[in-house]
Structures are given as structure tokens and as C-alpha cells.
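What TrEMBL says about this one:
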type	residues	note
TRANSMEM	56-74	transmembrane segment
TRANSMEM	81-104	transmembrane segment
TRANSMEM	124-143	transmembrane segment
TRANSMEM	155-172	transmembrane segment
TRANSMEM	184-203	transmembrane segment
Amino acid sequence: MAEPGVARAVAASAAAGCVVAGTVAVTVAVVAGPGPGLTGYVSEAGITASGYAGTYRIGVFALAAALLLLAVALPPALEPAAALLAVGGGCTALSGAVTCSAGCPLPPFEAATVADLVHGGSSVAATAAAVFAMLALAFAPAAGRPLRRIARGGAALAVPLSAAIALAMLTVGRGSVVGVLERLLLLVVAGWGLATATALGLARRS
């Protein structure tokens, strides 16, 4: 049986690969798909009518796996952050399994179906869990300086972006403002995940 440190290093390396693969797949689906561009949600690349729905879902499931693998890669002393990542991974998988309708409508300005609410709610919960995991690592002495530095950098970008998205959703709704902010936040989360996985993998090898 592999040593715990070796197993965590393998999980970290696999997480990094999943982040890259998932980000590439989702980006291809969003850019090449028939979506409305920056005025729409990223999730619109996964609707049934999109020719890239399969690519989008593969990407989302890869990102879900990345969060779960990151949870495994963290040492036992960082259990709170690992638990948040596990929740984020589960919610990400749910968002990939439940497809929203055309336009991915969300309240308060649009009428949404049950599937829309499940998809949207799980997507929000997944992102929130990842951001809270950043915060948990940012202030955890057991995380070590490299992980704390990466987490603080990610949180410094993700927290204000999250607040801006929430405010925009409640005041202006769907549009280019939310579309751009959403893409920036997801890019920050993906970048943080890749940097964290890389740092964990390198730490186990040193």
C-alpha cells in the first residue's frame, strides 16, 4: 500500500490534470458553441440544443473530479478545507448532471424551471464552497506558507468578484456585466485550483 504522502501527491497531480482538462473542455464548449457570448452564462454551453453539450459536461465532471482530488490531496490537519472542497466537487458534479433550459433563466428577473434552480443552485454552491476553501486555507497555520499565499491571492480576487456577481444578479440580472464577472470568477477558481494542486504535488516530492 502506498504511503499517505505518496497517495496525496498522486491525488494532487491528478487534480492538476483534471483542472487543465476541465478548463479546456468548458472553454471550447463556450467559445465554439452557439451561446450568446459574454451576455450569457457559461452554463448555456451545456444545454441540450448546444452541439457542444457533451464537451461541456465532460469538462464540468473533470472539474468536479479536480475538487474531490484536491480534498484528498490535503493533509489531515486541513480537514475543514478538504470538506469544503468535497462539497464543491459534489455540487459541481450535480450541476453537470442537471441541465438548465435554454438561456439558463434565474430569478428574480426570469422565470425558472426546477432544473434551472437545481443547476443554478448547485453551481453557486460549488463556487461558494471553493471560495470558502480558499479562505480556510488562507488562515490555516497548518497549510504552510506556499498554500496560504496561493489561497490569499485567490481569495483576494474571488471574494470581491463573488460579491459583485451577487449584487449584479439582484440589481440588473442577466447581461454582459454578470457574464464577464462570472467568467473572471471561474478563471480565478480554476487558477487557484491548479496552483494549489501543483504546490501540493511539489511539496510531497521535495
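Cβ atoms here come from the backbone N, Cα and C positions, even for glycine.
Within the chain carrying the transmembrane segment (81-104), a Cβ under 8 angstroms from the stretch's Cβ atoms is held by residues 40-41, 43-44, 46-49, 53, 57, 60-61, 63-68, 70-72, 74, 110, 113, 115-116, 118-120, 122-123, 125-130, 132-133, 136-137, 140, 143, 174, all 6 or more beyond its ends. For the transmembrane segment (56-74), the partner stretch with the most Cβ pairs below 8 Å, chosen from 124-143, 155-172, 184-203, is 184-203. Beyond its flanks by at least six residues, the transmembrane segment (184-203) meets 8-9, 12-13, 15-16, 19-20, 22-23, 42, 63, 66-67, 69-70, 73-74, 127, 130-131, 134, 137, 144, 146-147, 150-151, 153-154, 157-158, 161-162, 165 of its own chain at Cβ-Cβ distances under 8 Å.
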